[in-house]
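Features of the protein shown, as given by TrEMBL:
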DOMAIN    36-214  domain 'Tubulin/FtsZ GTPase'
DOMAIN    216-343  domain 'Tubulin/FtsZ 2-layer sandwich'
Amino acid sequence: MRECVSIHVGQAGVQIGNVCWELYCLEHGIQPDGQIDKTIGGGDDSSNTFSETGAGKHMPRAVFVDLEPMVIDEVCTGTYRQLFHPEQLITGKEDAANNYARGHYTIGKEIIDLVLDRIRKLLIMARSPSWSSPIPQLETPAPQVSTAVVEPYNSILTTHTTLEHSDCAFMVDNEAICDICRRNLNIERPTYTNLNRLVSQIVSSVTASLRFDGALNVGLTEFQTNLVPYPHIHFPLATYASVISAEKAYHEQLSVAEITNASFEPANQMVKCNPRHGKYMACCLSYHGDVVPKDVSAAIATIKTKRSIQFVDWCPTGFKVGINYQSPTVVPGADLAMVQSAC
């Protein structure tokens, strides 16, 4: 059995991690106090990401780290405050003031030993003897919704560090997510909560193969194998279809062919760029929910006939396909509508 340890670093990482674990709990039927809701969950599929105590409480295999305590204090006082072990929430005494060098070389080093020790304990507690699977990282470059002028510089410097220390990193652009919220969810002025809930759907999709059964599950290792041609070119472009509001969901029902086509639309990308100005080297389609292989094969055959989607000449036009039975879950009262399938 493969197990996953999540490490959430910095204000953005902690806030995204908080909503991710809220979503995981809803998917697995785990209540805010860590107990299984027998009417919803009860299966053992949560053991990949949660560890169970002798009292039957499920705790996330995660570490939250920030240089200043304010954001993690919100987790400690939030709805899911009983879910996390206190030792998993690590804070310093002062922030880096949006200065990358200050956080990376000086203040950050003061708590690095404590963080590594806690991660080491999680690894020892895990039952899996092998930890070869790459864990995708989420970086959030700063666009128009920036709270600091130097955010673009910090994003570039952080991205550079992943070249040596990450196998596969999924980039997320705040500006692209804002546009999706405005266009698909009719949110005039998206907040970071709106953005983070959408990002949590991406994270859930990436890790769904570890947590749920499927006809053709795609693991984290397969993302690296199929989408990373060279070690330093490990930044796949992520898209997410089926982002519709609750109002539209009453009148729309997207087919497998429609969500497949939507996956190649620049409007559904997590990063602001136009891949149609270049060519694809590889493609991985991960379906969730009420999807059958026959419909997927037909949708891909149609995609291959489109001239707008071109692959490089030196690589066969192959699609890595994953099908997971778990339908997308949404947070009650949030902006996203419940849909039967997504890609």
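Glycine is no exception: its Cβ is also placed from the backbone N, Cα and C atoms.
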### Task
Pop the mean pLDDT for the domain 'Tubulin/FtsZ GTPase' (36-214) in here, whole number is fine.
83
### Task
For the domain 'Tubulin/FtsZ 2-layer sandwich' (216-343), give the DSSP counts of helix residues, strand residues and coil residues.
37 helix, 24 strand, 67 coil
